[in-house]
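Q: For Ser81, the entry in TrEMBL reads active site, phosphoserine intermediate. Per TrEMBL, the feature Mn(2+) 2 binding site maps to Asp28, Ser81, Asp471, His472. The substrate binding site annotation in TrEMBL covers His140, Arg170, Asp171, Arg206, Arg213, Arg286, Ala287, Asp288, Arg289, Lys361. Under the heading Mn(2+) 1 binding site, TrEMBL lists Asp430, His434, His501. Summarising the annotation, TrEMBL assigns domain 'Metalloenzyme' to 20-544. The domain 'BPG-independent PGAM N-terminal' annotation in TrEMBL covers 102-322.
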Amino acid sequence: MGSSGDAWKLKDHPKLPKGKTVAVIVLDGWGEAKPNEYNAISVAETPVMDSLKQGAPEHWRLIKAHGNAVGLPTEDDMGNSEVGHNALGAGRIFAQGAKLVDLALASGKIYDGEGFKYVQECFEKGTLHLIGLVSDGGVHSRLDQLLLLLKGAAERGAKRICVHALTDGRDVLDGSSVGFMETLENDLAKLREQGVDARVASGGGRMYVTMDRYENDWDVVKRGWDAQILGEAPHHFKDPVEAIKKLRQEPNATDQYLAPFVIVDDNGKPVGPILDGDAVVTFNFRADRMVMLAKALEYEDFDKFDRVRVPKIHYAGMLQYDGELKLPNKYLVSPPEIDRTSGEYLVRNGVRTFACSETVKFGHVTFFWNGNRSGYFDEKLEEYVEIPSDSGITFNVKPKMKALEIAERTRDAILSHKFDQVRVNIPNSDMVGHTGDIKATIEACKAADDGVKMILEAIEQVGGIFLVTADHGNAEDMVKRNKKGEPLLDKNGNIQILTSHTLEPVPIAIGGPGLLPGVRFRTDLPTGGLANVAATFMNLHGFEAPSDYEPTLIEVVDN
Ligand SMILES: O=C(O)[C@@H](CO)OP(=O)(O)O
Ligand SMILES: [Mn+2]
Ligand SMILES: [Mn+2]
């Protein structure tokens, strides 16, 4: 595609005009649930979002943001930013990494590919290292996939295997890392009985070790490098379950922020630094938080931190994390091929596009939005602005994050009249929601609402159109619940805080002075989801969406 201009040409919408400035606002982690004390969004002062809701059903409705609607394996899979922004930007539902890996493992095809063969070359003499997130969250990785991969690799000749485990507590309950590590240890023990020297070699909390994203804080990746590659960490343990239990007792320790540790033998020597001749697989399927480590492992010219020692390894990702950068070069499962995104179509039809967020979500409205592709389609027509995020803090400390700055830059972009589409991600409800701090999350939701207000005011001034939605739920439910929906208590009688995303639907609202009076949400698409949004805003730009896109959510009635 793309060689001929005609292939990209979008049909004019029969009724809707071109040339209106359209603001597409994504509130990250903003779902819809019944008001109650654990619904930070309902408790927070959010006059703008509340007023949009008054527009239901014509200009406000709910859409699905989890499970099959975003290409995840089951309806029990909560949504996440990767699949959410992929669906929003691509306008179609693609089988996502989680599902593709499931299929490749079930069919055994994962072992037939070039990627596995490449790592397999090291099995005779070297160690196979598996680095990734150990939980059943299903957002970045899944423990059951890791266990299958361990078994499969052992059956195919791996004699020595080291797992470098990152603890979660963000997609799953805080404290659950102990149980996941026990499960992993159990399986490793079985492999040891079969004569495979299989063990955990290092660990640390995902937000403090390895899994930074969008180059917000390279120290995070360095801490992982030191533990995983060099075998150096401030804490030494003989047993990984023991390690987690002990480190969780440190002040403010959580699964997400657990200090890095290495496992040592009876002589105090690290059991699994990564050495020349070893194989490495990063087993997360999701891209954003693996790209930085992949760069450190793969790039010869790398200057983000001193790697000290760069082992000669055979490295493969579970997936290729960045198709444009071909990073990593080798991978076990081919990623979804998300082509012909709305971003590319609109730019190729002359829509001048501005995208903005702060660092921790910047790639969401650029990279994920554009089908896991970095960079511009057309530099002359696009501008992507990244507001630097705070680093080295948990976001409950500064719940306003950069919402104001994002809104200001977006307002200025709208008022400049240089853009036809402005697209933003406002991260507060998600990033602060993940800390589990309800009070801070309430402040975060207010800050997000203030940000929306500023952007809508600018749209008002230029006679434009807005579309406000979210990528998945988070802040609308901060407590773990039983099947009846009642809050669950822990053994001390405290509520169990929910730090993860949810299965809730998300709102979508349209409006602004540029919206023709006859435009309203259709009533014949009750199960609409995030993938229906792209066709919707393409219409608002005056175009018909390509015929294979999920249908638009709007219709135009003659008044
Ligand atoms: O922080 C992240 O990596 C995920 C949760 O694991 O959140 P989001 O999908 O909203 O980016
Ligand atoms: Mn998100
Ligand atoms: Mn999130």
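Cβ from N, Cα, C; glycine included.
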Q: Quick one: of the recorded positions Asp28, Ser81, His140, Arg213, Ala287, flag those whose CB is under 6 Å from ligand 2, and say none if nothing qualifies.
A: Asp28, Ser81
Q: Using C-alpha positions only, work out which of the recorded positions Ser81, Ala287, Asp430 is nearest to Asp471 (Mn(2+) 2 binding site).
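A: That would be Ser81, the closest of Ser81, Ala287, Asp430 to Asp471 (Mn(2+) 2 binding site).
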Q: Where ligand 3 binds, which of the binding-site residues His140, Ala287, Asp430, Asp471, His472 are close by, with Cβ under 6 Å?
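A: Only Asp430 qualify.
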Q: Scan Arg213, Ala287, Asp471 for binding-site residues whose C-beta lands under 6 Å from an atom of ligand 1 and note them, or write none.
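A: By the Cβ criterion, which requires under 6 Å to ligand 1, there are no hits.
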Q: Cα distance, Asp430 (Mn(2+) 1 binding site) to Asp28 (Mn(2+) 2 binding site), nearest Å?
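A: On Cα coordinates alone, these residues lie 5 Å apart.
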Q: Where the record says His140, Arg170, Asp171, Arg206, Arg213, Arg286, Ala287, Asp288, Arg289, Lys361 bind substrate, what is the longest distance in Å from one Cα to another among those residues?
A: 17
Q: Which of these binding-site residues is closest to His434 (Mn(2+) 1 binding site) if you go by CA atoms: His140, Asp171, Ala287?
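A: Going through His140, Asp171, Ala287 one by one, the closest to His434 (Mn(2+) 1 binding site) is Asp171.
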Q: Spatial neighbours of His501 (Mn(2+) 1 binding site) among the binding-site residues His140, Asp171, Arg213, Ala287, Arg289, His472, defined as Cα within 10 A: which are they?
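A: Close binding-site residues: Asp171, His472.
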Q: Cα of Asp430 (Mn(2+) 1 binding site) to Cα of Arg213 (substrate binding site): how many Å, rounded?
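A: Computed Cα spacing between Asp430 (Mn(2+) 1 binding site) and Arg213 (substrate binding site) is 15 Å.
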Q: In whole Å, how far is the residue listed as 'active site, phosphoserine intermediate' from His140 (substrate binding site) when you measure between their Cα atoms?
A: 11
Q: Using C-alpha atoms only, work out the spacing between Asp171 (substrate binding site) and His472 (Mn(2+) 2 binding site) and round it to an integer in Å.
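A: A Cα-Cα distance of 13 Å.
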Q: In angstrom units, rounded to an integer, how far apart are the Cα atoms of Arg213 (substrate binding site) and the residue listed as 'active site, phosphoserine intermediate'?
A: 13
Q: Which binding-site residues (Ala287, Arg289, His472) fall within 10 Å of Ser81 (active site, phosphoserine intermediate) by Cα distance?
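A: Near Ser81 (active site, phosphoserine intermediate) by Cα: His472.
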Q: Taking DSSP as the reference, which of helix, strand or coil describes Asp430 (Mn(2+) 1 binding site)?
A: helix
Q: Asp171, Asp471: which of these binding-site residues has the sparsest Cβ neighbourhood within 10 Å?
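A: Fewest other Cβ atoms within 10 Å, among the binding-site residues Asp171, Asp471, is found for Asp171.
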